[in-house]
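A short worksheet on the structure shown next.
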Amino acid sequence: MKDWLDQIKWDADGLVPAIAQDHKTGRVLMMAWMNREALSLTAAENRAIYWSRSRGKLWRKGEESGHVQKLHEMRLDCDADVIILMVEQIGDIACHTGRHSCFYRVYEDGEWKTVEPVLKDPHAIYSAGH
C-alpha cells in the first residue's frame, strides 16, 4: 500500500495548501501551508501544525496565542492537492488580527468591506506570553 503522504500532490516547494474549517459550522477559518512533516505531525498529535513560509519553520497553531486548532478530521480533495482540516478552534479566534476567521472581508460595491469584529486585540493576544 502506498504511503498516505505519497498520495498528495505537493507543489515544487514540497507544500500543500491546507484550509482549516470549523468542524461544527463548516465555516472556513483560515488557509495555511503544510509540508510532509507538518501534515504527519498534525495526524499524530491531532492538532493543526503548519509550515510557516515567512519563518521557514513548523508552526503549531496556537503556540503563541493559545488558539489551538484541535483536529477532528482531515480530507484530501479530488486532485489530491488541497487538504481540509476540520477543527475545533480553541478560544474562538483563528486569525492573527483577533477575529474568528481570516476571511473577514467581503467584496461589495467595488471594494473590500470588513464585516467581522475584532474579538480580541492582537497586541493583547501576542503579548500575553502563551
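Each Cβ is built from the backbone N, Cα and C atoms, and glycine gets one as well.
The feature Mg(2+) binding site is assigned by Swiss-Prot to Asp77, Asp79, Asp81, with sequence analysis given as support. Under the three-state DSSP scheme, Asp81 (Mg(2+) binding site) falls in the coil class. Within the same chain, residues at least six positions away from Asp81 (Mg(2+) binding site) with a Cβ under 8 Å of its Cβ are Ile8, Lys9, Asp11, Val16, Pro17.
The feature Zn(2+) binding site is assigned by Swiss-Prot to Cys78, Cys95, Cys102, with sequence analysis given as support. The 10 Å shell around the Cβ of Cys78 (Zn(2+) binding site) contains 6 further Cβ atoms across the protein chains shown.
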Notebook entry, point to check: Just going by other Cβ atoms within 10 Å, which of the binding-site residues Asp77, Asp79 has the emptiest spot?
Noted result: Asp79
Check: If you draw a 10 Å sphere on the Cβ of Cys95 (Zn(2+) binding site), how many other Cβ atoms land inside?
Finding: 19
Check: In the same chain, which residues outside the set Asp77, Asp79, Asp81 have their CB within 8 A of the centroid of the CB atoms that define the Mg(2+) site?
Finding: Lys9, Leu76, Cys78, Ala80, Val82
Check: Roughly how many Å separate the Cα of Asp77 (Mg(2+) binding site) from that of Cys102 (Zn(2+) binding site), to the nearest whole number?
Finding: 21
